[in-house]
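S.K.: Below: one structure in structure tokens.
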Amino acid sequence: MVLTRQVLEEVENTFIELLRSKIGPLVKSHAGTNFCSYDDKANGVDLVTALDKQIESIIKENLTAKYPSFKFIGEETYVKGVTKITNGPTFIVDPIDGTTNFIHGYPYSCTSLGLAEMGKPVVGVVFNPHLNQLFHASKGNGAFLNDQEIKVSKRPLILQKSLIALEGGSERTEGSQGNFDKKMNTYKNLLSESGAFVHGFRSAGSAAMNICYVASGMLDAYWEGGCWAWDVCAGWCILEEAGGIMVGGNCGEWNIPLDRRCYLAIRGGCESMEQKRFAESFWPHVAGELEY
């Protein structure tokens, strides 16, 4: 199948219908549930419920039935060192991004459905049923929030005047200048008066939601290390279609693969040179190279 703009739009609409008709109602029916049973994926703060697995199964069944030649990568069925992103059309799915939020009843979790071709995001739909926020895009067809085209207002993009999304993440081992120490020192560099002295930072607790809020212009940027392709694939497409860019979280990484695991999302609403200057002013505050 040739992935023309029309085919990409069809996939986008398939994602939207699946999320609105099946996944959203299922997630909402469990909202506020007291989850007494969940797994610790990596440690005590990286959580997964049986609902994550059920949702991924429903998504895979529906998408592979309609597009049997497309590959499928899901967070709950991913096998480290075995599952690879190839050049072929590949669904990249996170059934619940922000599971910890979901378990606590904090309304910032979503389902993230992405399609990649040649290793690049070409369709993305992110649905937060708790807030009824549906972000969607496909390559060449624009980006939308609840069917209204996202148009980021023109305004200067300056690091010191920016609002940035940052997250604590699940890797929190201190010492030996590992990733956790580097991230905490980077946050200090960005926030302190002697550093970048940015306006502030926000944490949605969901990579997909953070990227969508950058895409919509509510946030100026999002810096993260440690997330996975399924956390960023859908949002990345939405970001680019809204005029934003995705670069690496480490210094000088202008062109990164989907599974780089270290990202800097920068909003649109400005010229590309402003985005370039923003990245170049941001990177010196990163306190060491993140390694995953």
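Here the Cβ of each residue, glycine as well, is placed from N, Cα and C on the backbone.
Note that the structure is a prediction, hence the values are computed from the model and not measured.
Okay, so Swiss-Prot annotates it like this:
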type	residues	note
BINDING	Glu75, Ile96, Asp97, Gly98, Thr99, Asp231	substrate binding site
BINDING	Glu75, Asp94, Ile96	Mg(2+) 1 binding site
BINDING	Asp94, Asp97, Asp231	Mg(2+) 2 binding site
S.K.: Among the binding-site residues Glu75, Asp94, Ile96, Gly98, point out the residue whose Cβ has the most other Cβ atoms within 10 Å, with all shown protein chains included in the count.
M.R.: Asp94
S.K.: Within a 10 Å radius around the Cβ, which one of these binding-site residues has the most neighbouring Cβ atoms: Asp97, Asp231?
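M.R.: Of Asp97, Asp231, the one with the most crowded Cβ is Asp97.
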S.K.: What are the other residues, in sequence order, whose C-beta lies within 8 angstroms of the center of the C-beta atoms of Glu75, Asp94, Ile96 at the Mg(2+) 1 site?
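M.R.: These residues sit around the Mg(2+) 1 site: Asp52, Ile55, Glu56, Gly74, Glu76, Val93, Pro95, Asp97, Thr99, Thr111, Ser112, Trp230, Asp231.
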S.K.: Using the Cβ centroid of Asp94, Asp97, Asp231 as the reference point for the Mg(2+) 2 site, which residues of the same chain not in that list have Cβ within 8 Å?
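M.R.: Other same-chain residues with Cβ inside the cutoff are Glu75, Ile96, Gly98, Cys110, Ser112, Ser206, Ala207, Ala208, Cys227, Trp228, Trp230, Val232.
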S.K.: Reduced to three states, what secondary structure does DSSP give Glu75 (substrate binding site)?
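M.R.: DSSP assigns Glu75 (substrate binding site) to coil.
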S.K.: Would you identify the secondary structure of Thr99 (substrate binding site) according to DSSP, in three states?
M.R.: helix
S.K.: Indicate whether Asp94 (Mg(2+) 1 binding site) is helix, strand or coil by DSSP.
M.R.: strand
S.K.: Would you kindly give the Cα-Cα distance separating Asp94 (Mg(2+) 1 binding site) and Glu75 (substrate binding site), rounded to the nearest Å?
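M.R.: About 6 Å separates the two Cα atoms.
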